[in-house]
Amino acid sequence: MKPSASLRTALSVNVNKVALLRNTRHLGIPSVTRAAEICLQAGAQGITIHPRPDERHIRAQDVFELHDLLKNWPGAEFNIEGNPTQNLMEFIRRTRPHQATFVPDSEDQFTSDHGWSFPQDAERLAPLIAECKALGVRVSLFMDPVPEQMAAAKAAGADRVELYTEPFAANWGQAGQELQLQVYAKAAQAALDVGLGINAGHDLNRDNLAAFVARVPGLAEVSIGHALIADALELGYAETVKAYQACIDDGVARRKS
Ligand SMILES: CC(=O)[C@@H](O)[C@H](O)COP(=O)(O)O
Ligand SMILES: NCC(=O)COP(=O)(O)O
């Protein structure tokens with residue numbers, strides 16, 4: 001299948017790291033739902049979360065609050081990532097998001113670092129994929145960029161694959177950059193050829209994103225969290241310091257001499 005060159009790649013903002021910061025106090029700031037709202041108002045097409053079993057960042061309550069926000073936001077996509085053999089399926093059953101991304105992480109995994117393997121994972125994934133689809137939830141499988149794996153992902157019932165992009169990102173600006181672009185383009189084409197849609201994510205950032213979008217065919221969606229939230233902090237420092245300085249100036253001006 002030859003994808004259209006004008007396909008608009010959707011941006012789904014992963015708000016895990018907003019929750020991580022929020023969880024260091026009992027004040028509810030920064031608000032995860034407010035962050036999601038601002039991202040959608042700014043033009044993001046969706047929100048991604050990865051509620052890990054230890055609730056180190058996204059908590060169960062966040063899942064339900066984001067569900068309430070997104071169901072009233074026309075056109076916005078809610079994508080919940082996780083391991084369907086752990087805590088993911090209960091969230092899927094209760095919220096029926098637009099997309100479930102199955103990720104083969106262990107319970108205490110530092111961060112995602114590999115995709116599913118076929119044929120080993122086929123038997124346990126197939127019924128869970130079928131259940132999601134019966135609930136009206138699109139299923140994407142987190143996969144390493146291996147063309148030979150794509151037919152098996154399709155046979156298990158997946159609608160899309162999410163290409164795990166950390167190896168691409170790690171090679172950005174290095175000698176391996178061009179080779180990585182070719183690897184991902186080939187994997188995406190193999191997925192398209194068997195009728196899968198293409199998502200991608202992990203360590204995508206403002207340096208490496210444009211080349212990835214330009215070179216990987218049929219890229220329907222990227223989910224970006226860590227770098228985007230870090231950039232949001234940095235791009236906001238100056239305005240924020242000015243706002244706090246204005247509060248101090250106001251207080252000084254109100255002092256009784
Ligand atoms: C599935 C994936 O690629 C991850 O990037 C994940 O959603 C990030 O999880 P953490 O925010 O816990 O590192
Ligand atoms: N699926 C990847 C994702 O949601 C965000 O990954 P990262 O940008 O936080 O590495």
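Heads up, the Cβ atoms here are built off N, Cα and C, so glycines get one too.
Following the DSSP three-state reduction, the secondary structure of Asp203 (3-amino-2-oxopropyl phosphate binding site) is coil. Annotated 3-amino-2-oxopropyl phosphate binding site per TrEMBL: Asn14, Arg25, Asp203, Gly225, His226, in sequence order.
DSSP assigns His57 (1-deoxy-D-xylulose 5-phosphate binding site) to coil in the three-state reduction, outside any helix or strand. Other Cβ atoms within 10 Å of the Cβ of His57 (1-deoxy-D-xylulose 5-phosphate binding site) number 22 in total over all chains. According to TrEMBL, the feature 1-deoxy-D-xylulose 5-phosphate binding site maps to Arg52, His57, Thr111.
Feature annotation from TrEMBL assigns site 'Transition state stabilizer' to Glu162. Of all the Cβ atoms in the protein chains shown, 29 others lie within 10 Å of the Cβ of Glu162 (site 'Transition state stabilizer').
Under the heading active site, proton donor, TrEMBL lists His202. Within 10 Å of the C-beta of His202 (active site, proton donor) there are 23 other C-beta atoms, taking all protein chains into account.
In this structure, none of the recorded positions from Arg25, Glu162, Asp203 has a C-beta falling under 6 Å of any atom of ligand 1. For His226 (3-amino-2-oxopropyl phosphate binding site), the spatially nearest entry among the recorded positions Arg52, His57, Thr111, Glu162, His202 is His202, judged by CA separation.
Checking the binding-site residues Arg52, His57, Asp203, Gly225 against ligand 2, the ones with a C-beta less than 6 Å from an atom of that molecule are Asp203, Gly225.
Counted over all residue pairs in Arg52, His57, Thr111, the record's binders of 1-deoxy-D-xylulose 5-phosphate, the longest Cα to Cα distance measures 12 angstrom. For the binding-site residues Asn14, Thr111, the greatest number of Cβ atoms within 10 Å around a candidate Cβ is found at Asn14.
A simple way to gauge crowding: the CB of Arg52 (1-deoxy-D-xylulose 5-phosphate binding site) has 24 other CB atoms within 10 angstroms, across all the protein chains here.
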